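Database features, via Swiss-Prot:
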BINDING   Thr30, Leu31, Gly32, Pro33, Lys51, Asp87, Gly88, Thr89, Thr90, Thr91, Gly415, Asp494  ATP binding site
COMPBIAS  536-545  compositional bias 'Gly residues'
REGION    526-545  region 'Disordered'
Amino acid sequence: MGAKLLQYDEEARKSILNGVNALADAVKVTLGPKGRNVIIDKSFGAPTVTKDGVTVAKEVELEDKFENMGAQMVREVASKTSDVAGDGTTTATILAQAIYREGAKTVAAGSNPMDVKRGIEKAVAAVVTELKNISKPTKDQKEIAQVGTISANNDETIGNIIAEAMGKVGKEGVITVEEAKGLETELEIVEGMQFDRGYLSPYFVTNPEKMEVSLEDALILIYEKKISGMKDLLPILEQIAKMGRPLLIIAEDIEGEALATLVVNKIRGTLHVAAVKAPGFGDRRKAMLEDIAILTGGTVISEDMGYKLENTRLEDLGRAKRIQIDKDNTTIIDGAGERAALEGRVKQIRAQIDETTSDYDREKLQERLAKLVGGVAVIKVGAATETEMKEKKARVEDALNATRAAVEEGIVPGGGVAYIRTLPILEALKLEGDEQVGVNIVRKALEEPLKMIAANAGMEGTIVVEKVKEQSGAFGFNARTEVYEDMIEAGVIDPTKVTRFALQNAASVASLMLTTQCMIAEKPEEKGAGMPGMPPGGGYPGMGM
């Protein structure tokens, strides 16, 4: 184990602050409708141009080990917010920077970090409650389109397409984003089914960049038990290998020799195969396998029904036009099942929904129904160049996540106004000693997103904040038109979930950094010098060189 470097107290907090500032300053230029672009150099290919906070955050790596720790902690805020709420990454980064910057000052001035942390936590809890009070449910497709538009950096086409997709497949439906062949961004509704099981081995992956498996015109073997030996599988695999078609195996589990053999054959290219575990548990698993069989026109190979794995015939296999699998989900698109059988199944599930008394069962049955009926909406993103395509696709994915969040928890006025409207709650929150310092830190931090949006639009942030504070409700500063107006009427809205998560994640990481007393990093290795006693020039003395 190599030697370590240590930093304590003030020195450690200073390093963290430098790292936090380096990352946050790069990310926050992208905030708001007038936010700027960031160009990122790639080791191969053209540079990436982006206005997406989390993409910028993921690229920041600092030379100083201690400063880099600070930057990585804030990067965690951005990616966690992106993963859970789908948007709000830049806002979360700005809040984390503001809370930590103010907090570090107060700790340096002698405040107790633990008390400050408790104060921050209480303030955040109060703000979250108030955000939920301000929040309004999304009423119609128009509001959903507005959320999508804002999140896609004011691209109305994207907002409208997402709203249309949600209208077509419903809240429960599955929406995926793909690259289009042409220049236009369009929406395609595909009948398909998605379940939450990913590939059993990363060796099945066909697209290493995205870590996804894509099978075109595939066969599907549906088996309800575990497969561990190869003997029973061989007869059907040999027939499929001759046909040269891709195969997806869905079983309770595939392990040991069976999994190893499939992986080896996939790597050698003899079999184009992937395997996933069956979704659900117990009786629900049987029902879901039956759903998949009906959707794809296959049969569940189940010993209860008198089928044996070794006797499986090609006609027992399901078929689908396309199957996509990532590490968490499998989507079967355009199954070859008969329409009549599918309609019968849907009718049966609807009857069960009406009869069941358990809320949990009803929820699960509705999920199954959505998977059979809802289908999959595919948003095909078109662009002129590869660079533009990547940037646009990232925006569509952001916007999609934001709209989902809006449908889930409702909306609040956008443009940093919602945070300003929670300030009176913090004015009224009176705590003891250094806990009050924590509340004041959060109060100051909540003004930062609006300040930054105004600053990126070329305005004086503090003046804009004061003007917005004087008014109430959804009144705020619309940076796109540079007009003070009712944000909700102007269509500048944010999902409550995004606004809430950005603050919670920022405060959580910032208070962790505040209560850091010591940092440990690897000592960088000295650059190897020449051998001792070697004369300059590299030759040995007396060699007549």
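Backbone N, Cα and C atoms are what each Cβ position is placed from, and that goes for glycine too.
Shown here: features listed in Swiss-Prot, placed on the structure.
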residue: Thr30; record: ATP binding site; DSSP class: coil
residue: Lys51; record: ATP binding site; DSSP class: coil
residue: Gly88; record: ATP binding site; DSSP class: coil
residue: Gly415; record: ATP binding site; DSSP class: coil
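Maximum C-alpha to C-alpha distance over the listed ATP-binding residues Thr30, Leu31, Gly32, Pro33, Lys51, Asp87, Gly88, Thr89, Thr90, Thr91, Gly415, Asp494 is 17 Å. Most Cβ neighbours within 10 Å, among the binding-site residues Thr30, Thr90: Thr90 holds that distinction in the structure as shown. Summarising the environment of Gly88 (ATP binding site), the number of other Cβ atoms within 10 Å of its Cβ, over all protein chains shown, is 32. The Cβ of Gly415 (ATP binding site) lies under 8 Å from the Cβ of Gly32, Leu450, Ile453, Gly476, Phe477, Asn478, Ala479, Met487, Val492, each of which sits 6+ residues away along the same chain. If you take the C-beta of Lys51 (ATP binding site) and look for same-chain residues 6 or more apart in sequence within under 8 angstroms, you find Thr30, Gly35, Arg36, Asn37, Val38, Asn153, Glu391, Arg395. Over all protein chains present, the Cβ of Gly32 (ATP binding site) has 28 other Cβ atoms lying within 10 Å.
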